[in-house]
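Participant: Here it is, the structure, as structure tokens.
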Amino acid sequence: MVVACAPAASPGLSCCVVLIPSLPPGFLQSPALKMHRVLLASLWLLAASPTFSVFQKPTGSPATPRLQYLLEPLHTAVHTQRGATATLPCVLRALPRNYRVKWSKVEPANYGENVIIITNGLYHKNYGPLSPRVHLRHSHRYDASLTITDVTLEDEGRYRCQLVNGLEDESVSLMLHLEGVVFPYQPINGRYRFNYHEAKRACEQQDARLATYQQLYKAWMEGLDWCNAGWVLDGTVHYPIINSREPCGGRLLLPGIRSYGAKDKQRDRFDAFCFTSALQGEVYFIRGHLNFKEAGQACRNHGATIAKVGQLYSAWKFLGLDRCDGGWLADGSVRYPITTPRQRCGGLPEPGVRSFGFPSKELRTYGTYCFVGT
């Protein structure tokens, strides 16, 4: 028997051939055959084994954490409602010497940050318009969490907790999200009348604020379908489509957020997408055949004011207000909220706030929706 080996194409591998001479008669039944088989198997294993070795990559020591002094927050988003109390977590894992913790609110519109509070662990100082409503939770010596009381619509956004320690500064970012409702808004004189600044003021006058793109996207996911383009907070213009149709980009386009991108805030004119959150009060209906002036007086006679559009949407969204009666609102429009759709209340299959537009203020046809704060 002869074993012949030749180098293979790949380094460290070889190819071997076993040459077996002619066997004598009766060899296949002899004990020598068994030994021959064992020898062949051994030679095959030796020939097939590569000459290189595979080593496992050493695991080494764990990676150094990104933050040395601040703990990564378990959740980077805090959800709340208007009027509630919210706490943004920021906890230290160690207390370096001569450190400070600075809280600020990130303002993407002007690429800046507004300082809210600074502490050195013993003393603190508040800054800016949030000053009367913020304090440090300080449940233990490592706790630098920020608590905001009586949350407003303007409080929503990104916040930063920064540890200031010379060359070893580090920070964590958290988002404060308000649960709310987005509604499209246009003025009495028709669609596409607002530049950006006018749209912003119009939402504020209706107990709301310009919606963010993220809020508009969430509203679209929940069923908002609107063919008129409107401003959002960052100065871009969009409209949400659920049911594709010819006047809204065509039937062939998929559902989604149609975008016009960033527009000239002074020159370009569109509608507005407003956002409001939980109601700090109550909206109720007064039945009657009232003109607009009489509607306002009827609310004042009850110690209330005529409700704003955002207040009606909030009462519908958060308090389940459901009425089939059209009523005057503060902007001169007539609307009614439907939680349980039914045939005699507009016939539309989805819940929502229905609108009769802006009828003549002298018309004595409707009741009124009033608001009383808490």
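Cβ coordinates are placed from backbone N, Cα and C, and glycine is handled just like the others.
Per TrEMBL, the features are:
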DISULFID  Cys227-Cys248  disulfide bond
DISULFID  Cys324-Cys345  disulfide bond
DOMAIN    65-173  domain 'Ig-like'
DOMAIN    181-276  domain 'Link'
DOMAIN    277-372  domain 'Link'
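Relative to the rest of the structure, where do these features sit?
Facilitator: Under a cutoff of 8 A between CB atoms, and with a sequence separation of 6+ in the same chain, the neighbours of Cys345 (disulfide bond) are Cys324, Tyr336, Ile338, Arg354.
For the domain 'Ig-like' (65-173), DSSP puts the residue distribution at 9 helix, 48 strand, 52 coil.
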Participant: Could you tell me the mean pLDDT over the domain 'Link' (181-276), as a whole number?
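Facilitator: Across the residues of the domain 'Link' (181-276) the model's pLDDT averages 95 on the 0 to 100 scale.
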Participant: Within 10 Å of each Cβ, count the other Cβ atoms, then let me know which of the disulfide-bonded residues Cys248, Cys324 comes out lowest.
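Facilitator: Counting other Cβ atoms within 10 Å of each of the disulfide-bonded residues Cys248, Cys324, the minimum falls on Cys324.
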Participant: Within the domain 'Link' (277-372), count helix residues (DSSP H, G, I), strand residues (E, B) and coil residues, in that order.
Facilitator: 24 helix, 31 strand, 41 coil
Participant: Once near-sequence residues are set aside, which residues in the chain of Cys227 (disulfide bond), 6 or more away, have Cβ atoms under 8 Å from its Cβ?
Facilitator: Tyr239, Ile241, Arg245, Pro247, Cys248
